[in-house]
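Structure first, then comments.
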């Protein structure tokens, strides 16, 4: 027999006990339920008042209660136990509600504490941000004071020969140094950020590659194991034994096996078709790559051929005057034949000597014939030296666009002689090659562009409307010719 002690709500217990008493009376005297009066209800309420102490002892399991003044005396014991159990049930519910209420109160208190802590942290962050902003403002104020603080200082007398120019220059230099240092710091930070992102991306890609490699290795190992298992199984396979066992689907349910076999074959055919398409795509990509490489190779060969032709044209134009002046080959005259004839006629007076001595003396006395050179030898040496210098100059001229565009052209050496006799024929020839017809206006436009000493980029843009993609190549060749002629005149080649 257990004793249950509850801390309960008096009003709730009163209502619960009243309800139980009414139910019990309905059970015992249903015919008199209609005659219940408010006085009876008040009588029950008075009885309930005796049961509203904070702590009450209740005996369950058919036990006796300490005080039975609140229940009818003729109430059977089993009904009393029922009433006590109902009261205990209501008290348990009240206690559960009380615990739930306390738990909710604790949760609300915890939430309020967390919200308070969060507000304190946010206030702390805001205070720190405001403090940093104030520190930055103070730094900016100090910088402005350092830069412009002398404006607020009293002006001292300065002699006329002294100037503040040096201080201004120093201030500008300091400002430029600070700006450069700030730019350098920002560039370093940006570089580190890009490096970090690149490193993270590379690490992720490496991890993915390793994971894919491991997965492929697992798949291959599984395929090898399955192949070995299937090979052993097929090597030991016996149709009669398997038919007797009836474990394989082929022997157990032929129609179901055929259905699964069709699905498997459909998957195999789909995978084979996907493999064929993928292989065809790889072949097409490889062909496209090879075709692209072949086109790039042809373009490089054409560019090299055009470059060689350009150099040949430059050499031809440069050596044109020399070849016209020295069209006759240098002569080298040797008086060997006449000297030899004189030497053969001289030994007639030595006939008294023996033949052997004569032959011996002829072998010993070898006649030295002097070589006589003509006056054209110096001209030939000068021509060879000039060609060598021209080749060296051509080798120093850049072939790429950046090098040509950035070349410091000696415009002071460009005169009308070079424009009319060197560059204009070159431009006319190239225009005919590109367009197929002679365009005098276009040639005059190019020559005027050079005469006005305008940059190569502007000429490329202007020629783009006429020559389209070949304008850049044309300007590159023209600019090489211009550099060659001006440098040749400067170096007096």
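Residue positions begin at 1 at the first shown residue.
A Cβ is built for glycine as well, from the same backbone N, Cα and C atoms used for every other residue.
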Per TrEMBL record, range annotated region 'Disordered' [choices 30-78, 226-274]: 30-78
For the compositional bias 'Basic and acidic residues' (98-148), residues assigned helix / strand / coil by DSSP: 51 helix, 0 strand, 0 coil
Tertiary contacts of the coiled coil (271-313) (same chain, 6+ residues out, Cβ under 8 Å): 394, 399, 426, 429, 473, 477, 480-481
